[in-house]
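> Below are the features listed in TrEMBL for this protein:
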type	residues	note
DOMAIN	111-523	domain 'Major facilitator superfamily (MFS) profile'
TRANSMEM	148-169	transmembrane segment
TRANSMEM	176-196	transmembrane segment
TRANSMEM	202-225	transmembrane segment
TRANSMEM	237-259	transmembrane segment
TRANSMEM	265-284	transmembrane segment
TRANSMEM	337-357	transmembrane segment
TRANSMEM	377-398	transmembrane segment
TRANSMEM	410-429	transmembrane segment
TRANSMEM	435-455	transmembrane segment
TRANSMEM	467-491	transmembrane segment
TRANSMEM	497-516	transmembrane segment
Amino acid sequence: MNSTLSLNRPVRNYTLGSFKNPKLIEARPSRHQLRSHLIDFSKLKWFGNVNSRTGSSVQQQLRDYSCESRRITSRRIRVSSNDAQFGSFPNKGGAESSSFAEFITSERVKVVAMLALSLALCNADRVVMSVAIVPLSLAHGWSRSFSGIVQSSFLWGYLISPIAGGTLVDYYGGKAVMACGVALWSLATFLTPWAAENSLLALLFARAMLGVAEGVALPCMNNMIARWFPSTERARAVAMAMAGFQLGNAIGLTLSPILMSQGGIFGPFVIFGLCGFLWVLVWLSATSSTPDRSPQISKYELDYIMNKRQKSHAVESKPKTKMIPPFRRLLSKMPTWSLIVANAMHSWGFFVILSWMPIYFNSVHHVDLRQAAWFSAVPWCMMALTGYLAGLWSDTLIRNGTSITLTRKIMQSIGFVGPAVALVGLTAAKTPSTASAWLSLAVGLKAFSHCGFLVNLQEIAPHYSGVLHGLSNTAGTFAAIIGTVGAGFFVELVGSFQGFLLLTSLLYFLAALFYIKFSTGERVNFDESGQYHSHHINT
């Protein structure tokens, strides 16, 4: 028997009232209704006269569809555990802040953790030759000068790749270029034993290819962090990634002798090469080039990143960068030169300490470095720790209202003036333990530079951060070669390591003054000719 349908009890979050139109079922939302977009009303059927049996069918259909909507919602929107604190959905303006619990468990931290691992492999693959060169020299009868040529072959490749690699990063994105870079340098590392056994030219080529591939690592890191992190978190993110870079020194220097004792001279090359291939597989399958392409990211985190990005003129807000960047305009602005000078000085100090300090301690303080393997690792572990603390402080300053320009200048001043003072103290040290403390302080304070010029690359030119990093890295490689080679000639002419350390200290002071004078935290317009233009990026 046909009759008008009237269901008084609610079905899930909906109540079916009487029909104003006999051919249409009208669903009126209750006070606790789900969001309207969860119900697709096109799925409701058109009915003529409805009997009670049909009413039960409609009720069951709505009940099933409501459950299905909830299942779809739970799959499509993975709300993070921190959403309970900020509300399940962001406010009108989007999420404005992020707690430490949300930050450390977020998708963007997974990305920066993968970057840190890649940079650790980058440095481990680089320094393993400095350990293996001694037995290789003995086995092949190489002189000290020729051993230096073998070690420097890495810099030949590293000198030519940063600019080209940075351009590729700006055009294709950090994910793809980083995967190619790690795969290539892992292959070069893996094949080094075969090259050393078969041909000297093959060995030199393998080491040069390692340098070519590793030249893209830091531009890729900068590109990925610029895409994934808002400006208030970038210093912390760079510090986390660079902590892996510094720990790679410690890992390579401490694990290589152990692996050599178990697997022969070439054990570390094979193990580190295989680790690189494994990293590439995880990187390609578990990360995305941008947050909005990530299937794992929570809605809260995506809203938070996108909201902050809109305020800071994100990379993705502009069409794809030109394949050939405007080098002339890039080099016509003084903020670019402040970054080039800062990177050059940073690399000078880094490679001088990495290459000559063990010999300094051996010749000046008569320390037997074979019995003190920890000595090579402690300063780099200190750098990793202080770098992260510097990142936290830098981001806190910006969140509390300090301008980005002033924050970067503070960080860079500490990163250069601190090591300058510490190196003066090192020259006056009378005991090995005192000298070791001064060296650890110098290396530790250098990490503040990562929150200065290294983050600044993303801020003044988010669309050209890769090529800018390449330009400054090339200058840094030149400075590293001059500093490393020049230290030997300086010591031979003057007869004192202390004199070269004082020269390095003076250069640190001058570089700090140059950066303070010409750097900026504002976005520089490199797409228009003419005088200096900038846009504020802090809100």
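Glycine is treated like the rest: Cβ placed from N, Cα and C.
Automatic, uncurated: that is what TrEMBL annotation is.
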> Under 8 Å, at least three CB pairs between the transmembrane segment (410-429) and the transmembrane segment (337-357) (pairs 6 or more apart)?
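Between the transmembrane segment (410-429) and the transmembrane segment (337-357), contact is present.
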> What parts of the chain pack near the transmembrane segment (497-516), using Cβ distances under 8 Å and only residues at least 6 beyond its ends?
338, 341-342, 344-345, 348-349, 352, 356, 360, 363-364, 409, 412-413, 416-417, 419-421, 423-424, 426-427, 452-453, 483, 486-487, 490-491
> Taking contact to mean 3 or more CB pairs closer than 8 A (sequence separation of 6 or more), are the transmembrane segment (265-284) and the transmembrane segment (176-196) in contact?
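As far as Cβ distances go (cut-off 8 Å, pairs 6 or more apart), the transmembrane segment (265-284) and the transmembrane segment (176-196) touch.
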> Where among 237-259, 337-357, 435-455 do we find the most Cβ pairs under 8 Å to the transmembrane segment (467-491)?
337-357
> Under a Cβ pair cut-off of under 8 Å, which of the recorded stretches 202-225, 237-259, 377-398 contacts the transmembrane segment (176-196) most often?
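Looking only at 202-225, 237-259, 377-398, the most contacts with the transmembrane segment (176-196) come from 202-225.
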> I'm a bit unsure how to read this: which one of 202-225, 337-357, 435-455 has the highest number of Cβ pairs shorter than 8 Å with the transmembrane segment (237-259)?
435-455
> Same chain only, please: residues at least 6 beyond the ends of the transmembrane segment (435-455) with a C-beta under 8 Å from a C-beta of the stretch. Say none if there are none.
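Tertiary neighbours of the transmembrane segment (435-455) are 222, 234-235, 238-239, 242, 246, 338-339, 342-343, 346, 349-350, 353, 357, 361, 364-365, 375, 378-380, 382-387, 390-391, 393-394, 407-409, 411-416, 418-419, 422-423, 425-426, 429, 472, 515, 519.
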> For the transmembrane segment (202-225), find every same-chain residue at least 6 residues outside the stretch whose CB is under 8 Å from a CB in it, and list them.
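Distant Cβ neighbours of the transmembrane segment (202-225) are 111-112, 115, 118-119, 122, 125-126, 129, 149-150, 153-162, 165-166, 168-170, 173-175, 177-178, 180-182, 184-185, 188-189, 191-192, 194-196, 234, 237-238, 241, 289, 315, 454, 457-458, 465-467, 469-470, 473.
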